[in-house]
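If you check TrEMBL, you get these features:
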type     : residues     : note
ACT_SITE : GLU104       : active site
BINDING  : ASP8, ASP103 : Mg(2+) binding site
DOMAIN   : 4-185        : domain 'UmuC'
SITE     : PHE13        : site 'Substrate discrimination'
Amino acid sequence: MRKIIHVDMDCFFAAVEMRDHPEWRDIPLAIGGSASRRGVIATCNYPARAYGIRSAMASHQALQRCPQLLLIPGNMAEYKAVSQQIREIFHRYTELVEPLSLDEAYLDVSDSPWFGGSATLIAEDIRRAINDELQLTASAGVAPNKFLAKIASEENKPDGLFVLPPAAVADFVRQLPLAKLPGVGRKTAEKLSALGLEHCSQLLEIGEAELARRFGKFGRLLWQRGQGIDEREVQTERVRKSVGVETTLVTDIHQPEQGVQVLLRLWPELIRRLAGRAIKGMCIKLKFEDFTQTTLSRRCELPQQALAERLCVEAWERARGRGVRLVGVSVELCHEEQERQDGGEQLGFDW
Ligand SMILES: [Mg+2]
């Protein structure tokens, strides 16, 4: 039985800005692209959320809801530096740290000697250290696996902890809305809802075969998650199954040629991180202005820049007019039987 902690910083970019600019603490603040350039909100603070402003909302819409909103472009270099400080805190407790983005990570503390092995006390101490040393708040979820820990970290946000002990998993999962499962976006939730499926308990009634028939591989995944099952290991750099680089653009881009330009800037870093290891495929990821994303992959034995460019242009057709806010490229390493790590490490240079 694993003990997994998911740590998620509270409105990370906005929190860093509020720490560094106390005068912004109580006013609606958002980090995002400018409205005149069709930008979107990346993060906002709680006073801004009170106006209904959310991540991924168009900046012009956010300003309509709250004309006095302070909208700033943000400072990615600083966020990366703070993210590094947070990771150093994580590594005091375990080497098994899997960053998901600049402000989120999974920790496997199953074998940690700290606090008598209590994942709950470790999570509380991590939150305390982040607060004391960085003057930022984090929320954490403790659970026997990754997806439950991630859901748990949302339960008592902000500045909260939620612990899901193994004995409580079955009851927790049964009442869990399907829309809360990672990978179930708005569209999938609507599809499930049309089948009369709202909660995890209902997946049991429809059955694995029917889920697989309707949703393919994802259906089988739903079946497992619906019973609280997630066998994925925390993947550190050392056991990583894919290597990727990606960047969130300060301003959305609209032309495939611009995407290829971003790709060419990421490419040398990908090759450096790959460090000559054997690969079995390449994958392009695009995230659109509405925060949905698409990936396109091909099998190949060598990283090929020309192939990456073709995949990028091909994936771009799925944008259907939407702006692109993130471009990523990854390669799948030659290890067997592991789910590909979702996304790469954020590089976050300014476009
Ligand atoms: Mg966060």
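Glycine residues also receive a Cβ, built from the backbone N, Cα and C atoms like all the rest.
All TrEMBL annotations are machine predictions without curation.
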Quick one: of the recorded positions ASP8, PHE13, ASP103, flag those whose CB is under 6 Å from ligand 1, and say none if nothing qualifies.
ASP8, ASP103
Cα-to-Cα gap, the residue listed as 'active site' vs PHE13 (site 'Substrate discrimination'), nearest whole Å:
12
Helix, strand or coil for ASP8 (Mg(2+) binding site)? Use DSSP.
strand
Are there any residues in the same chain, six or more apart in sequence, whose C-beta is under 8 angstroms from the C-beta of ASP103 (Mg(2+) binding site), and if so which?
ASP8, MET9, PHE12, TYR79, SER83, ILE86
